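> Before I ask anything, let me first share the structure, which is written out below as structure tokens.
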Amino acid sequence: MLALLGDYTIQTVAMGAALLGISSGVLGCFAVLRKQSLLGDTLSHAALPGICIGFLIAGSRDIGTILAGALVTGAASALVVLLLTRMSRLKTDAALGIALSVSFAIGVVLLTHIQGGGNASQGGLDSFLFGQAAAILRGDLWIMGGVTLSALALVGLLWKEFKLVSFDPGFATSLGLPVVALEVAMTTMVALAVVVGLQMVGVVLMTAMIVAPAVAARQWTHSLGGMVTLAALFGTMAGVSGAVISATVRGLSTGPLIVLAISAIVLISLVLAPGRGLAWASLRRRRDRRRLAGRQVLSTLYGLAAEHGDQGYRAELGALDTFHGTPTRQTLQQLERRGLVAPVTHAPETTPHWELTKAGFAEARRIDDAPEGDDR
Amino acid sequence: MTEPLHEPQLALHVEDLTVSYEGKPVLWDIDIDIPPGVMAAIVGPNGAGKSTFIKSVMGLVKPTAGHVRIFGRPYAAQRRRVGYVPQRSTVDWDFPTTALDVVEMGLYGRLGWFRRPGKRERQAALHALEQVGMQDFLDRQISQLSGGQQQRVFLARALVQQADIYFLDEPMAGVDATTERAIVDILHRLRAQGKTVIVVHHDLQTVRSYFDWMVILNVRAIAQGPVATVYTPENLRKAYGGQIALIERSTFADDAAPAGGGRD
Ligand SMILES: Nc1ncnc2c1ncn2[C@@H]1O[C@H](COP(=O)(O)OP(=O)(O)O)[C@@H](O)[C@H]1O
Ligand SMILES: [Mg+2]
């Protein structure tokens, strides 16, 4: 394992994956909070024509030109979406969908054109579809690192502005913030994150890297700072573990592994995160259901006691079961533990009976008097 | 600042305002003047353009025609003197932030670029939360607040703005009676300090007891002025049409009783 980490290529891939995790994690948070998860998808698919154009301009697989091309067409597609939604009745999701498919189609056409052209260095180009981590060079890390660092610096500088525009753009406008410019900045940053990840996971899976870390992080924290930090952490964890696994097992490509790793983190977060996780919600529901059953049984006993004019009326278990249409023994035992009911016998019958204790009687009366949903 | 003042004696002066969405006019040739120091209700049926009116005053939607002046100047020159409470439903309350943090947002304009809120901002926000009775919830995640509590947080965010004129969009919609009372008390206190308070209000029944000024809106400005002169069956019928039958029976029936309007 340690020997693995000493390997130069693996180091490079792992560092690239970590950079990807940080940038897409941080920038994805703002996209997700602004309900623009699809934006990452559109931007990354729209990068493909840019990659091809960059290649055509440079005449070779020059990474700087290619990424610049990706950034330009990605940003152009975002602009088209903005114009489409402003100038027509098209809703954002429809506009994003259109921009995605049109630009991806153009990208694929260009790609096949280049591949038919017989240029010797074209070989690497389709690796941008699904990513090819092994092709990353040390020099590429500088570009990725530079992009990540400048995005982080921008987020740090404009932290409160980005927060307010994401939360309440109307109020931000009323304060005089240039909301459109700030939104364009946030969108551009997502395009930057896409560019950082292109070589690693490719245009098709890149959207997962934008959305997934943010979604997972949101489950665990109540503050924006916490969310952004956790998203960066989750992104890095997924990136590095994907890189290391693909290095240990032959024939597994890095990009998809990274996406699978972040998906696992999302799954765990959705189920287990305290408060918001599904497991907790189901626990809470079970507790609520138990409490409701308890209240219903108490109030049945109370009603029976009132009907018979006898506070200590002993109700037969079978009768209670029939009345509620479900076994009530467990509920009664829980109420007994709270000291609200007591098991009794009622000679000459031998079947189990239950009666309200004093506390149970008082509690039942309280429930009876209280209006619906008083204890929220 | 060489532009001459236009109607500076008015807190809000709106002239010939027309706003349209996709070519369909939502507000049509509106003139509205509101003097300083009043608490004004803006009423009208659903879709009458009340929110649009506030938004166009605040520069959130671009009017097709007309102009708006606040104390004689365009809104952009008077931002510091204006406080704003948007409709509660316009934001996502599941946003990862706390009540205190939301209130501090009211100070972002004053803070300026790049600066983060510090001790002074925190104190101001705490004070505003106390005023709305939410001091015990300052660190509460906003999704865990009730609708009424969320509305109070929004009000506190406007209070830290220390404005001279406040615009509130349906602050009493969907809140419990206690919160409604608390909000009205705070707004009355603002008025007592000489501030102008302009409220989109959905409940005709309470207009006379809460407000002293009133604007009836339905695409056009139907009537405006002191509540006592504007709150008439004819005016309301013009705005609400057939729906008014219901309202009339319940609110004009108790005309014999003192309305309790004006300032308390
Ligand atoms: N962003 C928008 N795009 C198109 N139409 C809108 C938009 N916002 C509001 N409207 C329309 O403008 C009219 C007035 O809306 P609004 O100002 O919200 O009314 P109110 O607040 O009085 O209920 C309504 O018919 C509404 O459907
Ligand atoms: Mg409205």
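Note that Cβ sites are derived from N, Cα and C of the backbone, with glycine treated the same way.
According to TrEMBL, the protein carries these features:
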type	residues	note
TRANSMEM	A:12-33	transmembrane segment
TRANSMEM	A:38-57	transmembrane segment
TRANSMEM	A:63-84	transmembrane segment
TRANSMEM	A:96-115	transmembrane segment
TRANSMEM	A:135-159	transmembrane segment
TRANSMEM	A:171-194	transmembrane segment
TRANSMEM	A:200-217	transmembrane segment
TRANSMEM	A:224-245	transmembrane segment
TRANSMEM	A:257-281	transmembrane segment
> Same-chain Cβ contacts of the transmembrane segment (A:38-57) under 8 Å, 6 or more residues past its ends?
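For the transmembrane segment (A:38-57), the sequence-distant neighbours (Cβ-Cβ under 8 Å, at least 6 residues beyond its ends) are 24, 28, 31, 65-74, 76-78, 81, 92-93, 96-97, 99-101, 103-104, 106-108, 110-111, 113-114, 122, 125, 128-129, 187, 190-191, 193-195, 197-198, 203-204, 206-207, 209-211.
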> Under 8 Å, at least three CB pairs between the transmembrane segment (A:135-159) and the transmembrane segment (A:96-115) (pairs 6 or more apart)?
no
> Between the stretches A:63-84, A:96-115, A:171-194, which wins on the count of C-beta pairs under 8 angstroms to the transmembrane segment (A:12-33)?
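Against the transmembrane segment (A:12-33), the leading stretch is A:171-194.
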> Can you name the far-off residues of the same chain, 6+ from the ends of the transmembrane segment (A:224-245), with a Cβ under 8 Å from a Cβ of it?
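Residues 4-5, 10, 13-14, 16-26, 28-29, 33, 133, 155, 163, 200, 209, 212-214, 216-218, 252, 254-255, 257-262, 265 contact the transmembrane segment (A:224-245) from elsewhere in the chain.
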> So what's near the transmembrane segment (A:96-115) in sequence-distant terms, Cβ-Cβ under 8 Å and 6+ beyond its ends?
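Sequence-remote neighbours of the transmembrane segment (A:96-115) are 38-39, 41-42, 45-53, 55-56, 73, 77-78, 80-81, 84, 90, 122, 125-126, 129, 203.
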> Name the range, of those listed as A:171-194, A:200-217, A:257-281, that has the largest tally of Cβ pairs under 8 Å with the transmembrane segment (A:63-84).
A:171-194
